[in-house]
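The domain 'MIR' annotation in TrEMBL covers 296-359, 370-427. Here TrEMBL flags 9-28, 68-88, 100-120, 154-172, 184-203, 208-226, 246-267, 574-594, 614-635, 642-662, 674-694 as transmembrane segment.
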Amino acid sequence: MLGLVKKPFVVAVEINISLVAVTVMGLMSRLWGLSYPRAVVFDEVYYGQFVSLYMKRIFFVDDSGPPFGHMLLALGGYLGGFDGNFLWNRIGAEYSMNVPVWSLRLLPALAGALCVPLAYQILIELHFSHCAALGAAFLILLENSLITQSRFMLLESILIFFILLAVLSYLKFYNLQRHSSFSGSWWCWLLLTGVACSCAVGVKYMGLFTYMLLLAVSGLHFWHMIGDQNFSNVSLVYHFLARGLALILIPVTIYLSFFYVHLTLLYRSGHHDQIMTSAFQASLEGGLARITQGQPLEVAYGSQITLRNVLGKPVQCWLHSHTNTYPIRYENGRGSSHQQQVTCYPFKDVNNWWIVKDPGMQQLVVSNPPRPVRHGHIVQLVHGITTRYLNTHDVAAPISPRSQEVSCYIDYNISMPAQNLWRVEIVNRESDTDLWKTILSEVRFVHVNTSAVLKASGFIGASLPEWGYRQLEVVGEKLSKGYHQSMVWNVEEHRYGKSQEQKDREVELHSPTQMDISKNLSFMAKFTELQWKMLTLKNEDTEHKYSSSPLDWITMDTNIAYWLHPTSGAQIHLLGNVVTWASANVAALIYTSLSLWYLIRRRRKIYDIPEDAWQLWVSAGGICLGGWAVNYLPFFLMEKTLFLYHYLPALTFQILLIPVVLQHLGNHLCRPPLLKSMFSALVVAWFSSIYLVYCTFSPVTYGEPSLSVPELKDLRWKDSWNILIRKQ
């Protein structure tokens, strides 16, 4: 024991000075003057609203992507002590003193800065030289567009960070495969790959493109392992299970955890929750929960209910009626039944109340004990205020003539008897004996006489004319296979009717209910609904001044003005380094051309480069050019408003390809000493031009110093660039 004390403890540490240097430079380039400008910059007006809602714990839905990126931005606000009180209504608005600007922009800036050393390490793990790795780091460091996007409360830099981290982690895991399978570091890098992939997808759905690329690369590598006789069958099974755990199961679990935290934090009702189902709204504090808290759970004969259409598009609406009747003849000359109108009304109203009646009895109150309604039961729906029965018959609907008109029946003593029996079908039932439940049950009403289904047709924009007060049309749709959400309804407000007399019942319908029954949704039910809304919710895409097409991105024929000083010429633009963008395109072209040339020659058994150099060339291209393709080409299929910043993840991969091509040209095509010297000199000159362009455009990258009108005009290298120049 004493012998151990006599010897000193020695820890040997290897420090890669190059890696430290590029990291420090990355931090300096992204963090310098981070609080400037102290004003709302471009999409900060969009993301800032969500940060404020997080601070106030108010629920929201954002169809642009999952919640992880928003939570990271909110974390910056939380660490800075932000209380959420700021009106995010205008780009250029000055931040009040309670807004921690530096803290809100810190995490995107750190993510952008760390992309510089990640680029360096990726080239190292691809087995390229330190010189090539430094080149990749400097290209990312001096890329003006990446700097601009990193310095504000935006998500692209965070997305690119997790994408590069996932690629680096997988490469490290793969390189350990040959000699350290199932070691601690092997597991660490494999698990980190899955974690980074899930974080990338959690920031923006665009992260899914790189995730799919890495899954494909992993599948290809495993396919090669199957053909390797050095791996036993048991070992292959272990490798398969390890990859399935780390690259599929864990990412899915982490992705779900983002929503769990999101829903846990946002427990208060807000204006965004109106697009959610009644059950979801009732699970939030305030809003609908204040109305529905303690309602009876089971719908019974005599229940007073409001029926909300499940679709909720274009607005949420409730089954509604009023004393007005359909006109005897419509504008096009068609006749109607002249019965009482039934519509779908987008506001809370006493005329939304209906009474569930047993066709075999006259009473409109709940018996003691209550007689619950089950799936398949026949009911009549009595309008609470007018006491007329919901009815449909073989008369064409006013706007949708192929469907049946729905009305509340008025007896005109003519040969049109009432047809007011409806069968309750619980769509989300677990068995054919399920009870009809408040909020939780999604029901369809099938007309007994005609088999038509009660449907809100207003989801296609069918609102009634002036005689129908522009309310949404309700029709009887002939029963067909399957169902649309416009045919599904749920009970939102519910009370047990106690008054048989009409006057007493009207007073009862105007009063709130108070009974104690909970209607909490499970996490998976809330996640499923929220995820579906995110994927299907479509905001109206309007043409934006700075929107662009994917074809504009490659040659940077467009830019985005992010901020303009209110009095001086200082401004910030999303503009890339022209030399870098052009070089990236040339590198992709050279790589594709050389690869085709090599493939043709190899087919003829002519090997221009050694086998190890060929494998290196293919693997690097699969990551770099493949990463560019999967992050760029899908945008040609998207029907949404696109901007230049959508190209930045693809650009990052394309930039990584530049040093790959340069090293290959230097090692294999410029072999004579004189040619190699000339090539090196050209590379130095090329890097110098990149630095010169970076310096030239840095005033519109950082927003300072302010430029004069002639200087701004000199920056308009392309006529399509919108450099802002004030009129004198």
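Yeah, the Cβs are placed from backbone N, Cα and C, and that goes for glycine too.
Nobody curates TrEMBL annotations by hand; they come from automatic prediction.
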Beyond the flanks of the transmembrane segment (208-226) by 6 or more, those residues with Cβ under 8 Å of it: 163, 166-167, 170, 174, 177, 193, 197, 200-201, 236, 239-240, 243, 247-248, 251, 622-623, 626-627, 630-631, 634, 649
Tertiary contacts of the transmembrane segment (642-662) (same chain, 6+ residues out, Cβ under 8 Å): 115, 119, 122-123, 126, 128, 132-133, 135-136, 139-140, 143, 145-146, 149, 154, 156, 159-160, 163-164, 206, 209-210, 544, 546-550, 552-553, 556, 558-560, 574, 576, 580-581, 583-585, 587-588, 590-591, 617, 620-621, 623-629, 631-632, 635, 683
Same-chain residues at least 6 beyond the ends of the transmembrane segment (154-172) whose Cβ lies under 8 Å from its Cβ atoms: 42-44, 47, 65, 69, 72-73, 107-109, 111-112, 114-115, 118-119, 121-122, 125-126, 146, 185, 189-190, 192-193, 196-197, 199-200, 203-204, 206-207, 210-211, 214, 217-218, 623, 627, 645, 648-649, 652
Annotated stretches the transmembrane segment (246-267) and the transmembrane segment (674-694) touching (3 or more Cβ pairs under 8 Å): no
Proximity of the transmembrane segment (100-120) to the transmembrane segment (9-28), 3+ C-beta pairs under 8 angstroms: yes
Leading contact stretch, 9-28, 184-203, 574-594, 614-635, 674-694 vs the transmembrane segment (68-88) - CB distance under 8 Å: 184-203
Beyond the flanks of the transmembrane segment (674-694) by at least 6 residues, Cβ under 8 Å: 135, 138-139, 142-144, 577-580, 583, 662, 665-666
Folded-back contacts onto the transmembrane segment (614-635), same chain, C-beta under 8 angstroms, at least six residues removed: 122, 126-128, 163, 167, 171, 206, 209-210, 212-213, 217, 550, 553, 588, 591-592, 594-595, 598, 602, 607, 642, 646-647, 649-654, 656-657, 660, 664
Helix-strand-coil residue split for the domain 'MIR' (296-359), DSSP-based: 3 helix, 30 strand, 31 coil
